[in-house]
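The structure under discussion appears below in the form of structure tokens.
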Amino acid sequence: MKLQVKITLAAIALTVLATGSALAIVRHRVDQSGLRFSVAALRLQRGDSIAFTNSDRSSHNILVRGGAMNFNGGLQRPGQALEVPFTASGRYQVICGIHPRMRLDVEVQ
């Protein structure tokens, strides 16, 4: 009986480990500096998020468009961070509402 319990517990542990690694959510970090995003494009998995940190001297406004997502992060002052989750697959464009030449293309799989 004890052997069967150990085997069952081992099977449960392996299942949890396998499932946990498949469902790992990643926080991607993007810096805003020099009126630019630190990267021009990102590929994410559904459920991942992007943490935007404003390292500029001026304020920014993160806007995300694509699919059903229409996100407006509001005024982001220097030094502030903003996290945006991406819960649906698709292609998205991130721009700064104040500095529209700041662009980031995001693909969510």
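Using the three backbone atoms N, Cα and C, a Cβ is placed for every residue, glycine included.
Just so you know, TrEMBL annotations never went through curation; they're auto-generated.
Residues or ranges marked as Cu cation binding site by TrEMBL: H60, C96, H99. The DSSP secondary structure for C96 (Cu cation binding site) is strand. Around C96 (Cu cation binding site), a 10 Å sphere centred on its CB holds 25 further CB atoms from the protein chains shown.
The domain 'Blue (type 1) copper' annotation in TrEMBL covers 27-108. A mean pLDDT of 97 is what the model gives for the domain 'Blue (type 1) copper' (27-108).
Residues annotated as signal peptide in TrEMBL: 1-24.
When other Cβ atoms within 10 Å of the Cβ of H60 (Cu cation binding site) are tallied across all protein chains shown, the result is 24.
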